[in-house]
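According to Swiss-Prot:
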type     : residues                    : note
SITE     : Asn10                       : site 'Discriminates between blocked and unblocked aminoacyl-tRNA'
BINDING  : Tyr15, Tyr64, Asn66, Asn112 : tRNA binding site
ACT_SITE : His20                       : active site, proton acceptor
SITE     : Asp91                       : site 'Stabilizes the basic form of H active site to accept a proton'
Amino acid sequence: MKYLIVGLGNIGGEYNGTRHNVGFRMVNALAEDGGVQFVEARYGAIARMRVKNAELILLKPNTYMNLSGNAVRYWMQQENIPREQVLVLVDDLALPFGTLRLKPKGSDAGHNGLKNIAEVMGSIDYARLRFGLGDEFSKGRQVDFVLGRFTPEEEEKLPELTKHAVEIIKSFCLAGIQRTMNRYN
């Protein structure tokens, strides 16, 4: 089976290491775990790897976050991957920092990347792995928070959290979403 694993983030060096780019961080950790490198391709950087009998297409869209749907649709069509075999890795302000939550579908929760993917797909029925950022920001400072860098304390915890995310992603591809949610959520 073939899966499309999409890490959401903003392109450009100024966004490296920001909270909003934690989707890129998770997909980078997966590529590193698989010993594969990303190459520039249409609509983003792509890497290919295998996990047992599953073929994974890893995607970091090079569109801005709010246009991620174009990249997702293109690679779904290019690789003939059904929506049930797409997993989007995304940041989430509604979850406490470091919480990882796998969902089979759902609203965009105010996330412009998820909103655009749903608009382009015409459906909210696609899986997402949400990485909790927490809500430790003053009213009206949400944008500054997500575009800001992790604190040193948070940064120290990220390697273990991304390792855990890699386990969840692999389980999604090998055991399916329901068994993976039962085990990890």
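Any Cβ shown, glycine's included, is placed from N, Cα and C.
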Greatest inter-residue Cα distance in Å for the tRNA-binding set Tyr15, Tyr64, Asn66, Asn112: 16
Whole-number Å value for how far Asn10 (site 'Discriminates between blocked and unblocked aminoacyl-tRNA') lies from Tyr64 (tRNA binding site) (Cα to Cα): 5
Integer Å distance between the CA atoms belonging to Asp91 (site 'Stabilizes the basic form of H active site to accept a proton') and Tyr15 (tRNA binding site): 14
Chain-mates of Tyr15, Tyr64, Asn66, Asn112 with C-beta within 8 Å of site centroid, tRNA: Asn10, His20, Thr63, Met65, Leu67, Ser68, Gly113
Euclidean distance between Cα atoms of His20 (active site, proton acceptor) and Asp91 (site 'Stabilizes the basic form of H active site to accept a proton'), Å: 6
For the residue listed as 'active site, proton acceptor', the one of Asn10, Asn66, Asn112 that lies nearest, given that the recorded positions are compared by Cα: Asn10
Densest Cβ neighbourhood among Asn10, Asn66 (recorded positions), 10 Å radius: Asn10
Local Cβ density at Asn112 (tRNA binding site) - other Cβ atoms counted within 10 Å: 15
